[in-house]
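So TrEMBL lists the following for this protein:
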- A:41-58: transmembrane segment (TRANSMEM)
- A:79-102: transmembrane segment (TRANSMEM)
- A:108-127: transmembrane segment (TRANSMEM)
- A:139-161: transmembrane segment (TRANSMEM)
- A:181-205: transmembrane segment (TRANSMEM)
Amino acid sequence: MHIAEGFLPPAHAVAWGVASAPFVVHGVRSLTREVKEHPESTLLLGASGAFTFVLSALKLPSVTGSCSHPTGTGLGAILFRPPIMVVLGTITLLFQALLLAHGGLTTLGANVFSMAIVGPWAGYAIYKLLRRFDVPLMVAVFFGAFLADLSTYCVTSVQLALAFPDPSSGFLGALGKFGSIFAVTQIPLAVSEGLLTVLVMRLLVQSSKGELTRLGVLLAKKQSRTETETEAVAR
Amino acid sequence: MSRNTKINILLLVVVAALAVLPLALGLGDHKEEPFTGADAEAETAITEIEPDYEPWFSPLYEPPSGDIESALFALQAALGAGVLAYYFGLRRGRRQGEERALERVGGAESAVGATAEESTAERS
């Protein structure tokens with residue numbers, strides 16, 4: 001999903017930068033507030049950022065015969081809500097742009113928009129929706145991470161198709177082309193990311209119950225239990 | 001092995017299988033260069049659509065070789081894995097410490113209870 005340095009025309013690069021900037025500013029504010037109000041969450045924040053670091057460095061082979069990497073943004077979005085994940089994702093993208101020549105500074109806005117904004121929000125939205133319908137936690141986590149990953153690559157395809165419409169078939173033709181490169185390749189990787197996120201969430205449930213309850217990941221369950229208890233008492 | 005551990009290992013095995021299967025089944029054989037990065041493929045696609053396009057900015061720093069690039073990617077993964085391992089190690093250590101402290105407190109209380117019972121028994 002990394003659009004390489006200089007590979008977006010200046011107007012597009014600026015536009016995506018402008019679109020991403022408010023999310024990053026808002027994210028930095030949410031992050032500083034979180035750290036100030038709950039200093040104990042710093043460790044888990046670090047772990048969420050670390051998860052993105054690991055997953056976005058893992059280039060895995062896929063069914064299309066090419067390689068791509070997961071994003072790791074679903075976990076942080078589910079734990080700390082998307083605004084904070086925007087910051088963690090942006091840090092990862094900056095690291096890759098500056099040290100690995102992977103992505104770039106001129107395309108940072110576009111890459112932040114796909115990986116650190118749309119991905120986390122899409123994943124978080126489906127996670128919340130599934131939880132509302134009482135879908136088991138781990139199933140909701142799987143689909144949250146899956147969608148955070150896949151939607152990121154769909155956005156990248158749209159961004160490139162907007163910048164480089166096909167001379168004969170236009171935007172849709174280019175979207176098909178970039179989509180087959182990114183989105184199709186990404187489907188099995190998104191499954192992998194979903195499974196790995198479930199694994200980490202399982203480890204967190206074992207090791208950090210208190211923290212997950214404070215963040216609301218485990219709260220829903222307890223609430224419904226106390227609700228049924230009060231109902232039983234009322235009867 | 002507990003059921004929990006088994007499920008965790010199963011998850012890892014499925015992820016590994018998803019990564020290995022495309023290689024084992026030779027799904028990249030139809031390509032000139034199998035298993036190149038999707039990002040690089042997108043660059044090629046851009047130059048196909050717009051042959052005249054010239055990137056207008058180049059990276060400030062570029063790893064001098066593919067090996068150095070791999071090293072930096074490994075560094076990125078290692079940093080992340082290190083922090084994750086630290087987190088889970090710390091949590092586990094804290095939990096064990098708490099359990100031990102609780103056991104000690106519990107043991108001390110029952111000891112106190114026993115001596116109190118003894119003294120009342122002596123008095124009567």
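Cβ atoms here come from the backbone N, Cα and C positions, even for glycine.
Unlike curated records, TrEMBL annotations are generated automatically.
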So, taking each listed stretch (A:41-58, A:108-127, A:139-161, A:181-205) in turn and counting its Cβ pairs to the transmembrane segment (A:79-102) that are under 8 angstroms, which one gives the highest count?
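Comparing A:41-58, A:108-127, A:139-161, A:181-205: A:108-127 has the most Cβ pairs near the transmembrane segment (A:79-102).
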Between the stretches A:108-127, A:139-161, A:181-205, which one has more Cβ pairs under 8 Å with the transmembrane segment (A:41-58) than any other?
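Top-ranked stretch among A:108-127, A:139-161, A:181-205: A:181-205.
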Would you mind listing the long-range same-chain contacts of the transmembrane segment (A:108-127), meaning Cβ under 8 Å and 6+ residues beyond its ends?
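Here the qualifying positions are 1-3, 8, 12-21, 23-24, 56, 71, 73-74, 76-78, 81-82, 85-90, 92-94, 97, 140-141, 143-149, 151-153, 155-156, 159.
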